[in-house]
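Q: First the structure, which I've put down as C-alpha cells, then a few questions once you've had a look.
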C-alpha cells in the first residue's frame, strides 16, 4: 500500500496514520486524470495505491468513513490487472457486485461510500 498527496498531508485509515509521499510521475498522471473526470473545481489531494498479487488478495468489507475524508468529494478508483469484483452491501438491501476490469475507473460519490 502506498500513499501519495500534498506534502505533509496525513490520512488515518484503519486506526493507522500515514503521511503522504510526494507523488511519483504515474500517480500525478492519474491524479490529473481523476480531477479531469470529476471536474469539481478543487483538486483531489490524496492517492492510495493497493497491489493485489493474485486472486486471493482483497480488501474486506469496509466503509470509507474515515474522519479525514471530505464528504464533498468522490473516491476515484482505477483498476489494473485481473478483474476484481467490488461488492456494495447495505443493510436490508441485496448486495450489488460490479466487476472492475483492467483499465476501468469507478467513481464513488459520498452517498455510495458513506
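The chain as shown is numbered from 1 upward.
Placement of Cβ uses the backbone N, Cα and C atoms for every residue, glycine included.
All annotation found in TrEMBL is predicted automatically rather than curated by experts.
Annotations per TrEMBL:
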BINDING   11, 12, 13  substrate binding site
BINDING   50, 52, 62  2-oxoglutarate binding site
DOMAIN    19-110  domain 'Alpha-ketoglutarate-dependent dioxygenase AlkB-like'
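Help me see these features in their spatial surroundings.
A: Cβ-based neighbour count (10 Å, all protein chains) for residue 11 (substrate binding site) stands at 18.
Residues near residue 52 (2-oxoglutarate binding site) in space but far in sequence (CB under 8 A, at least 6 apart, same chain), listed by position: 58, 81, 82, 84. According to DSSP, residue 52 (2-oxoglutarate binding site) is assigned to coil rather than to any helix or strand.
With DSSP states grouped into helix (H, G, I), strand (E, B) and coil, the domain 'Alpha-ketoglutarate-dependent dioxygenase AlkB-like' (19-110) comes out at 15 helix, 24 strand, 53 coil.
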Q: With H, G and I counted as helix, E and B as strand and the rest as coil, say where DSSP puts residue 13 (substrate binding site).
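A: Its secondary structure by DSSP: strand.
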Q: Within its own chain, what residues at least 6 apart in sequence put their Cβ under 8 Å from the Cβ of residue 50 (2-oxoglutarate binding site), listed in sequence order?
A: 1, 59
Q: Among the binding-site residues listed here, 12, 13, which has the most company in the form of other Cβ atoms within 10 Å of its Cβ?
A: 13
